[in-house]
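Enquirer: I have a structure here, written as structure tokens, and I will follow up with some questions on it.
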Amino acid sequence: MGKKAIQFGGGNIGRGFVAEFLHEAGYEVVFIDVVDKIIDALKSTPSYEVTEVSEEGEKTKTITNYRAINSKTNEEDVVKEIGTADVVTCAVGPNVLKFIAPVIAKGIDARTASKPVAVIACENAIGATDTLRGFIEQNTDKDRLSSMSERARFANSAIDRIVPNQPPNAGLNVRIEKFYEWTVEQTPFGEFGHPDIPAIHWVDDLKPYIERKLFTVNTGHATTAYYGHMRGKKMIADALADAEIRQIVHKVLEQTAKLITTKHEITEQEQNEYVDTIVKRMSNPFLEDNVERVGRAPLRKLSRNERFIGPASQLAEKGLPFDALLGSIEMALRFQNVPGDEESAELAKILKEMSAEEATGKLTGLEKHHPLYEPVQNVIAKVQKDSK
């Protein structure tokens with residue numbers, strides 16, 4: 001039997017990042033989704049194209065050898081597939097992990113193979129696989145928990161690849177940047193060894209990679225989007241062509257760099273080179289990366305361990321400067337009532353109906369005694385005053 005991977009989420013990242021590399025590693029990919037349109041398209045199309053875009057031009061790869069199942073209507077089939085799979089991955093968004101966990105729990109419980117399945121969540125969130133594992137354990141019989149490691153091994157990952165908005169007639173085809181990083185911890189696999197996926201960079205300690213990525217790529221990307229949105233820019237590359245926005249982004253990333261080099265064994269030179277690479281990637285006009293796409297879901301992006309409050313809170317605890325990040329937080333708070341983005345409407349409602357104190361707790365999860373609490377509360381009060 002050939003190798004088989006189950007990929008939850010048939011969206012752009014699922015098809016254009018995860019499945020591309022699983023396919024190249026020789027896996028049959030079984031897509032799982034609840035969106036009829038995506039499943040029907042995958043079932044009726046034997047191949048699709050992934051086009052990697054860079055300043056050097058474009059390179060197109062054809063993806064084949066996949067199937068698709070709708071977990072909403074065919075849950076038992078999904079359970080059977082997980083029962084005989086080598087790998088389970090997902091790219092569904094951190095908020096959806098709790099919804100896919102019950103069927104994964106059933107699939108893991110049904111396994112009889114001697115080698116455990118590798119479970120790797122590919123989400124923009126710290127410890128996403130741990131989060132998924134927690135939900136899976138909640139959906140597993142207590143007397144089966146102690147032996148679960150015989151049936152599944154869970155590894156956290158850090159993913160990095162820009163997937164812009166796709167052309168309206170793209171169908172299953174995905175345009176994606178050429179650059180990527182997919183880093184996964186290898187220690188959970190123990191004596192079984194990690195899956196054979198050449199695109200993955202396997203490491204013993206993932207935390208430095210996750211924090212460096214989240215607090216550089218995601219912080220920089222979102223900062224560019226929110227400042228760009230306030231200035232009426234349509235594309236990320238247009239926003240970074242504005243010298244003032246570019247300077248602000250560099251200032252923000254200087255502050256997060258200080259945190260990263262202080263905490264982890266990453267030198268200032270390594271981090272500076274990483275920042276330059278990231279800003280260059282985001283400035284790529286060929287990606288046609290939309291400001292509103294990058295800015296969407298501001299509530300999640302303003303939460304406690306995310307790209308702004310996460311690094312700013314740690315800097316505040318260390319007595320290091322975080323003023324540039326406060327600027328990003330302010331611009332994120334001003335991303336309100338953007339068409340097609342429910343969270344931006346919810347943000348506007350919270351800021352309108354709550355006091356600055358209530359909104360600070362609700363949006364950021366910061367404790368009142370935290371050194372970042374008062375500065376953020378002041379920014380929230382300022383945004384509320386400007387909105388009146």
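Just so it is clear, glycine is given a Cβ too, placed from its N, Cα and C backbone atoms.
Per Swiss-Prot, the features are:
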type	residues	note
BINDING	A5, I6, Q7, F8, G9, G10, G11, N12, I13, G14, R15, G16	NAD(+) binding site
ACT_SITE	K213	active site
Enquirer: In whole Å, note down how far the CA of the residue listed as 'active site' lies from the CA of R15 (NAD(+) binding site).
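Expert: Cα-Cα distance, R15 (NAD(+) binding site) to the residue listed as 'active site': 21 Å.
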Enquirer: Name the residues of the same chain, 6+ apart in sequence, whose Cβ is under 8 Å from the Cβ of the residue listed as 'active site'?
Expert: A158, I159, D160, E181
Enquirer: Restricting to the chain of Q7 (NAD(+) binding site) and a gap of 6 or more, list residues whose Cβ falls under 8 Å of its Cβ, or answer none.
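Expert: The answer is G14, V18, A19, L22, V29, V30, F31, I32, T89, C90, A91.
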Enquirer: Quiz question: given the binding-site residues G9, G11, which has the greatest number of C-beta atoms lying within 10 angstroms of its own C-beta?
Expert: G9
Enquirer: Using a Cβ-Cβ cut-off under 8 angstroms and a sequence gap of six or more, which residues of the chain neighbour A5 (NAD(+) binding site)?
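Expert: In sequence order, the residues whose Cβ lies under 8 Å from that of A5 (NAD(+) binding site) (at least 6 apart) are L22, Y27, E28, V29, V30, A85, D86, V87, V88, T89.
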